[in-house]
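Worksheet for the structure shown next.
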Amino acid sequence: MVPKLFTSQICLLLLLGLMGVEGSLHAKPGQFTWAQWFEIQHINMTSGQCTNAMQVINNYQRRCKNQNTFLLTTFADVVHVCGNPSMPCPSNTSLNNCHHSGVQVPLIHCNLTTPSRRISNCRYTQTTANKYYIVACNNSDPVRDPPQYPVVPVHLDRII
(Lines of atoms letter the chains of each structure in order from A and count residues from 1; the text may use other names and numbers.)
(Lines give C-alpha, C1' and ligand atoms only; values in the text may rest on other atoms or scores of the structure.)
Protein backbone atom coordinates (compact mmCIF):
# COMPACT_ATOMS: atom_id res chain seq x y z
CA MET A 1 0.00 0.00 0.00
CA VAL A 2 2.72 2.49 0.90
CA PRO A 3 4.68 2.10 -2.36
CA LYS A 4 1.47 2.42 -4.38
CA LEU A 5 0.40 5.56 -2.50
CA PHE A 6 3.89 7.02 -2.79
CA THR A 7 3.95 6.32 -6.54
CA SER A 8 0.52 7.92 -6.95
CA GLN A 9 1.68 11.02 -5.08
CA ILE A 10 4.80 11.28 -7.26
CA CYS A 11 2.67 10.95 -10.42
CA LEU A 12 0.30 13.63 -9.16
CA LEU A 13 3.17 15.99 -8.38
CA LEU A 14 4.69 15.40 -11.81
CA LEU A 15 1.35 16.04 -13.49
CA LEU A 16 0.78 19.23 -11.51
CA GLY A 17 4.31 20.34 -12.28
CA LEU A 18 3.78 19.81 -15.99
CA MET A 19 0.49 21.66 -15.88
CA GLY A 20 2.19 24.52 -14.08
CA VAL A 21 4.90 24.69 -16.70
CA GLU A 22 2.36 24.62 -19.53
CA GLY A 23 0.25 27.27 -17.80
CA SER A 24 3.26 29.52 -17.30
CA LEU A 25 4.06 29.38 -21.03
CA HIS A 26 0.77 31.16 -21.77
CA ALA A 27 0.86 33.54 -18.82
CA LYS A 28 1.14 37.26 -19.27
CA PRO A 29 3.77 39.27 -17.40
CA GLY A 30 2.21 40.67 -14.23
CA GLN A 31 2.77 44.33 -15.02
CA PHE A 32 0.39 44.22 -18.01
CA THR A 33 -3.34 43.85 -18.46
CA TRP A 34 -4.48 41.16 -20.90
CA ALA A 35 -5.20 43.88 -23.48
CA GLN A 36 -1.76 45.44 -23.07
CA TRP A 37 -0.11 42.03 -23.42
CA PHE A 38 -2.21 41.33 -26.54
CA GLU A 39 -0.99 44.59 -28.06
CA ILE A 40 2.66 43.79 -27.29
CA GLN A 41 2.42 40.27 -28.68
CA HIS A 42 0.23 40.79 -31.73
CA ILE A 43 0.14 44.47 -32.76
CA ASN A 44 3.39 46.20 -31.82
CA MET A 45 5.88 44.60 -34.19
CA THR A 46 8.84 46.73 -33.13
CA SER A 47 10.95 45.59 -36.08
CA GLY A 48 10.17 44.36 -39.57
CA GLN A 49 12.19 41.23 -38.82
CA CYS A 50 10.81 38.46 -36.61
CA THR A 51 14.12 37.69 -34.91
CA ASN A 52 14.33 41.26 -33.59
CA ALA A 53 10.62 41.72 -32.89
CA MET A 54 10.37 38.46 -30.95
CA GLN A 55 13.17 39.51 -28.59
CA VAL A 56 10.77 42.01 -27.00
CA ILE A 57 8.23 39.26 -26.23
CA ASN A 58 10.90 36.75 -25.28
CA ASN A 59 12.54 39.15 -22.84
CA TYR A 60 9.25 39.52 -20.96
CA GLN A 61 8.63 35.78 -20.90
CA ARG A 62 12.28 34.84 -20.28
CA ARG A 63 12.09 32.15 -22.96
CA CYS A 64 11.96 31.88 -26.73
CA LYS A 65 8.36 31.60 -27.85
CA ASN A 66 7.88 28.92 -30.53
CA GLN A 67 5.68 31.01 -32.79
CA ASN A 68 3.78 34.26 -32.87
CA THR A 69 1.59 36.20 -35.28
CA PHE A 70 1.72 39.97 -35.67
CA LEU A 71 -1.37 41.61 -37.15
CA LEU A 72 -0.33 44.58 -39.27
CA THR A 73 -3.23 46.72 -38.14
CA THR A 74 -3.98 49.05 -35.25
CA PHE A 75 -5.14 48.21 -31.76
CA ALA A 76 -8.23 50.37 -32.41
CA ASP A 77 -9.10 48.28 -35.48
CA VAL A 78 -8.87 45.06 -33.44
CA VAL A 79 -11.01 46.65 -30.70
CA HIS A 80 -13.58 47.35 -33.44
CA VAL A 81 -13.63 43.60 -34.24
CA CYS A 82 -14.73 43.03 -30.62
CA GLY A 83 -18.01 44.66 -31.68
CA ASN A 84 -18.68 41.95 -34.27
CA PRO A 85 -21.11 39.16 -33.29
CA SER A 86 -19.87 36.77 -30.60
CA MET A 87 -19.06 33.20 -31.52
CA PRO A 88 -17.60 30.16 -29.75
CA CYS A 89 -13.81 30.32 -29.67
CA PRO A 90 -12.28 27.68 -31.97
CA SER A 91 -9.55 26.88 -29.45
CA ASN A 92 -12.06 26.42 -26.61
CA THR A 93 -15.69 26.12 -27.68
CA SER A 94 -16.89 26.48 -24.08
CA LEU A 95 -15.94 30.16 -24.38
CA ASN A 96 -18.27 32.39 -26.38
CA ASN A 97 -16.27 35.63 -26.36
CA CYS A 98 -14.62 35.33 -29.79
CA HIS A 99 -15.19 37.57 -32.79
CA HIS A 100 -14.34 37.10 -36.49
CA SER A 101 -12.48 39.98 -38.14
CA GLY A 102 -14.74 39.98 -41.20
CA VAL A 103 -11.90 41.35 -43.33
CA GLN A 104 -8.47 40.04 -44.12
CA VAL A 105 -5.49 41.90 -42.71
CA PRO A 106 -1.82 41.70 -43.58
CA LEU A 107 0.11 39.74 -40.99
CA ILE A 108 3.53 38.31 -40.26
CA HIS A 109 3.86 34.88 -38.72
CA CYS A 110 7.12 34.21 -36.87
CA ASN A 111 8.36 30.65 -36.42
CA LEU A 112 11.28 29.71 -34.16
CA THR A 113 13.99 27.99 -36.21
CA THR A 114 16.98 28.24 -33.87
CA PRO A 115 16.02 27.73 -30.22
CA SER A 116 18.45 28.72 -27.51
CA ARG A 117 18.51 29.08 -23.75
CA ARG A 118 19.95 32.51 -24.41
CA ILE A 119 17.09 34.65 -25.71
CA SER A 120 19.32 36.86 -27.86
CA ASN A 121 20.45 33.78 -29.82
CA CYS A 122 16.96 32.62 -30.84
CA ARG A 123 16.28 32.98 -34.56
CA TYR A 124 12.99 33.12 -36.44
CA THR A 125 11.75 32.82 -40.00
CA GLN A 126 8.80 34.87 -41.10
CA THR A 127 5.90 34.36 -43.44
CA THR A 128 3.66 37.16 -44.66
CA ALA A 129 0.03 36.71 -45.67
CA ASN A 130 -3.38 38.37 -45.77
CA LYS A 131 -5.81 36.45 -43.57
CA TYR A 132 -8.89 36.67 -41.40
CA TYR A 133 -8.46 36.34 -37.67
CA ILE A 134 -10.55 35.44 -34.66
CA VAL A 135 -9.94 37.30 -31.44
CA ALA A 136 -11.25 36.79 -27.90
CA CYS A 137 -12.46 39.95 -26.15
CA ASN A 138 -13.25 40.80 -22.54
CA ASN A 139 -14.21 43.86 -20.54
CA SER A 140 -11.28 46.19 -20.13
CA ASP A 141 -9.46 46.87 -16.88
CA PRO A 142 -11.11 50.17 -15.86
CA VAL A 143 -7.95 51.44 -14.18
CA ARG A 144 -5.14 50.35 -16.51
CA ASP A 145 -6.68 50.01 -19.99
CA PRO A 146 -7.59 53.00 -22.20
CA PRO A 147 -10.96 54.35 -21.02
CA GLN A 148 -12.27 54.75 -24.58
CA TYR A 149 -12.34 50.95 -24.98
CA PRO A 150 -14.83 49.23 -22.65
CA VAL A 151 -14.23 45.89 -24.42
CA VAL A 152 -10.73 44.91 -25.55
CA PRO A 153 -8.96 42.06 -27.35
CA VAL A 154 -7.20 39.67 -24.97
CA HIS A 155 -6.28 36.63 -27.09
CA LEU A 156 -5.57 35.90 -30.75
CA ASP A 157 -7.51 32.68 -31.03
CA ARG A 158 -7.13 31.71 -34.67
CA ILE A 159 -5.79 32.84 -38.03
CA ILE A 160 -7.86 31.68 -41.02
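The backbone N, Cα and C atoms fix where each Cβ goes, glycine too.
Computed from a predicted structure; not experimentally measured.
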Per Swiss-Prot, cysteine bonded by disulfide to C98 (from C89, C110): C89
Per Swiss-Prot, cysteine bonded by disulfide to C110 (from C11, C50): C50
Inter-residue Cα distance where the pair is N68 (substrate binding site) and C50 (disulfide bond), in Å: 9
The one of N68, T69, N92 whose CB sees the fewest other CB atoms within 10 Å, among these recorded positions: N92
Cβ neighbour count (within 10 Å, all chains shown) around N66 (substrate binding site): 12
K65, N66, Q67, N68, T69 excluded, remaining Cβ within 8 Å of their centroid (substrate): M54, H109, C110, N111, L112
